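Novice: Feature annotation from Swiss-Prot assigns active site, proton donor to H684. Swiss-Prot lists R17, E18, L19, K20, K110, R505, C506, W551, E595 with the feature 5-methyltetrahydropteroyltri-L-glutamate binding site. For I421, G422, S423, E474, D589, the entry in Swiss-Prot reads L-homocysteine binding site, with the evidence type sequence analysis. The annotation L-methionine binding site is assigned in Swiss-Prot to I421, G422, S423, E474, D589. The Zn(2+) binding site annotation in Swiss-Prot covers H631, C633, E655, C716 and rests on sequence analysis.
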Amino acid sequence: MTAQTMTLGYARMGKRRELKKALEGFWSGALGSEALLATFWDLETQAWQTQLQAGIDHIAVGDQTLYDHVLDWATWLGLIPSRFRGLSGLDRYFAMARGREGLPALEMTKWFDTNYHYLVPEIEPEADPSPNFGDFLERVRRAQGILGERTSPVVLSPVTLLCLSQRSGDLRADLEKLLPLYRDLLQELKQLGIPEVQIHDPILVTSQGSGLREAVEMSYRQLATAGIPVHLVTYFDDLGETYPWVVQLPVAGISLDFTRGHTLDLVRTYGFPADQILGAGVVDARNVWKVQPETVLASLRELQGVAPNLRVQPSASLQFVPHDAALEAQLPEPLRNVLSFAEQKLAEVALLARALNGEDTAAQQAEIQQQWQSFAQFSPPNPQVRQALANLKLQDFERFLPYEQRLSRQVQLPPLPTTTIGSFPQTPEVRQWRAKYKRGEVSQAEYEAAIDAEIAKCIRIQEEIGLDVLVHGEFERTDMVEYFAQKLEGFAFTEHGWVQSYGSRCVRPPILYGDVVRPQPMTVREFQVAQSHTQKPVKGMLTGPVTMLNWSFPRVDIPRREQALQIALALRAEVADLEAAGAVMVQVDEPALREGLPLKKERWPEYLSWAVDAFRLATGGAKPETQIHTHMCYSEFGDIIEHIERLDADVLSIENSRSNNKTLLQIAQAGYRHQVGNGVYDVHSPAVPSVEQILQQLRTGLAHLPVEQTWVNPDCGLKTRRWEEVIPALKNMVAAAHQLGEELLETQPEGLRE
């Protein structure tokens, strides 16, 4: 049987971020809704045509979005929180996404283990969904005019939608409300002549999946009554223990991710129904490297022996990679030739299918093999780095003294010491200086003088506010990963390699392609400038190895653990240079530590083992007198607290203001012994917290954690705030800390416990 091809979604925002510009123009009032929608429709059409020209047989439709595809489905299903029901159309859609005066936005969180963020639907107890699929069906009709029978509508599964939502009701009861709406939609698609519908159900690959059997079986039984073939799509991992019953669901086909987990082993063990289509996700939709055709073809031929009706496809939507590697003319040719962005992945899918179908693709395969050989010559292993890793000993991952003995050797501060997380407002003037320097319009000396002036101003303001521990402000940094990656060998940078993070926000992840080497100090100059303006301690500021790795496109030729340890060695040398320059405190931030957790809990220990090891390697060489800080901006610590403690950071600052002290309580209940920076106010809000509000937050915190363990800080960096918001907020924070400190000295100097 002839193998076909399919896509599950395509790159977003446009090659030149056209949708980002249109959205921000619309939000600012410079662009009308008609112009915004025209831009969106044009980009959506371009995506279809690109896939059509690549020869894809089944092309995803409905995956593109103005803001977020989960928000789209909540809107189409009529799952509108009551606070937004007075609005309609784009006003309501963007209010749900971004909030407006008196109307808080939906919560935003990570889409599984990717770096994309989705908006969390809110399903109120008495919700009575009132669907409107007009927009979705219009997209399908437009696609049919271009793609014909290749049109493959993408529908987010009701089970996945509910599992990702905030809801208080019973899953089965909520599902019974939604399933008739889904069935009606499928019947409308059938009437349009759609040959097959993709139902995306990624929740099945998570640890939750095994407990959802009853709900999933009920869903697909009811959806089957619509009379249109359903193709169940999973991605991001293997199905694990759910595999044997998922493949028995009443569906026409099932798509599986063969690039993560152990999917091929599951097929070998349990087989696959001969009468179903197997969507083989063999082209990795989340990395940027070309496949090795001979290896993938061997797997595809084995699969074809089990499932004759086979489709070759990316492992997931291509929204997680940039549009076109051919645009990156500035990259060295050997590197560029082995990169595969969305357009190149379409070509890879088509090539693999042609080869599987017996066409002569030997010349193309030989060319790819030659490109990889050229790349290997361009980026050979670095013997010094490999030897340094081989020479690592257990003591390299440990501080010289345990925490209790380090504590007395470190800088002594008043009770409830105050500090910030690191960044301060980046004004238009600062961004202009960086842009001019990048374009070569100002010299390095002129640029550094401008940055130094900002650092001096920042130090002066912090001293006037009365903070105990200062930071230099990070004015030279555009991004906490890109800044360091640009100073390390082994990372490459794109000009057009943007991917959507959320809404109009795009990120341009560095590409980790070779062994990591630090040619020279990365942060010492700015630290010295800052420290020269004050007698108070200034923290050195670094991004941790796991965050550097998780927010980049990693290599595929060596394990992630090895890549993290290489980065850690570079950071270890930076910590030593900061100490030599006079730093007595160094902060190594790891906001992405938790984000990298595998989707299956049984795989957490392996990941956390090397992730913690990487942090300990980066910081283990620090002198006992050097206080190591780390910051983690998420609110769920309970299930990984033992690993947080194993980091052995002297001070852990947390995001606590929006969690009702839940984070602090988790830490206290676990018996965490190290110092904790209580994030006492929400930097994501422009509102200036009052002294009384911060006092309340601190008093609540001290009911769980003793004063000698407590630091006081905002819950995250201040980069996106304005000075007129930052200064009064920090003044109130310092005033609250001083007031409470004086009260404690008078009454209970040893602190309070619950």
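Quick reminder: no glycine exception, Cβ is built from N, Cα and C everywhere.
Since this is a predicted model, take the numbers as computed values, not measurements.
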Novice: Just to be sure I understand: of R17, L19, I421, G422, D589, E595, which binding-site residues have a C-alpha no more than 10 angstroms from the C-alpha of C716 (Zn(2+) binding site)?
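Specialist: Close binding-site residues: I421, G422.
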Novice: Across all chains shown, how many C-beta atoms besides its own are within 10 angstroms of the C-beta of D589 (L-homocysteine binding site)?
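Specialist: Excluding its own Cβ, the number within 10 Å is 21.
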Novice: Pairwise over I421, G422, S423, E474, D589, annotated as binding L-homocysteine, what's the top Cα to Cα distance to the nearest Å?
Specialist: 13
Novice: Drop a 10 Å sphere on every Cβ of the binding-site residues E474, E655 and tell me which sphere holds the fewest other Cβ atoms.
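Specialist: Checked E474, E655; of these binding-site residues, fewest Cβ neighbours within 10 Å: E655.
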Novice: So of all those recorded positions, S423, E474, H631, C633, H684, which one's Cα sits nearest to L19 (5-methyltetrahydropteroyltri-L-glutamate binding site)?
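Specialist: Minimum Cα distance from L19 (5-methyltetrahydropteroyltri-L-glutamate binding site) across S423, E474, H631, C633, H684 lands on H684.
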Novice: Give the three-state DSSP assignment (helix, strand or coil) for K110 (5-methyltetrahydropteroyltri-L-glutamate binding site).
Specialist: strand
Novice: Which of the listed binding-site residues (R17, K110, H631) has the least company, meaning the fewest other Cβ atoms within 10 Å of its Cβ?
Specialist: K110
Novice: Determine the C-alpha span of the 5-methyltetrahydropteroyltri-L-glutamate site listed in the record, that is the greatest distance between any two of R17, E18, L19, K20, K110, R505, C506, W551, E595, in Å to the nearest whole number.
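Specialist: Max span of the 5-methyltetrahydropteroyltri-L-glutamate binding residues, Cα based, is 29 Å.
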Novice: Please classify the secondary structure at D589 (L-homocysteine binding site) using three-state DSSP.
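Specialist: Once the DSSP labels are grouped into three classes, D589 (L-homocysteine binding site) ends up as strand.
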Novice: Under 8 Å Cβ to Cβ from I421 (L-homocysteine binding site), same chain, six or more residues apart: give me those in sequence order, or none if nothing qualifies.
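Specialist: In sequence order, V471, H631, S653, N713, P714, D715, C716, G717, L718 meet the Cβ cut-off.
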Novice: Taking the recorded L-homocysteine site as I421, G422, S423, E474, D589, identify the other residues of that chain whose CB atom sits within 8 Å of the mean position of the site's CB atoms, giving them in sequence order.
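Specialist: Other same-chain residues with Cβ inside the cutoff are T420, V471, M480, M541, Q587, H631, G717, K719.
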Novice: Once the chains shown are all counted, how many other Cβ atoms turn up within 10 Å of the Cβ of G422 (L-homocysteine binding site)?
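Specialist: Taking all protein chains shown, G422 (L-homocysteine binding site) has 25 Cβ neighbours within 10 Å.
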Novice: Does DSSP give S423 (L-homocysteine binding site) helix, strand or coil?
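Specialist: DSSP call for S423 (L-homocysteine binding site): strand.
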Novice: Taking Cα atoms as reference points, rank the recorded positions G422, S423, E474, C633, H684 by distance from K110 (5-methyltetrahydropteroyltri-L-glutamate binding site) and give the first.
Specialist: C633
Novice: Which residues of the same chain, at least 6 positions away in sequence, have a Cβ lying under 8 Å from the Cβ of S423 (L-homocysteine binding site)?
Specialist: V471, G473, E474, R477, G717, L718, K719
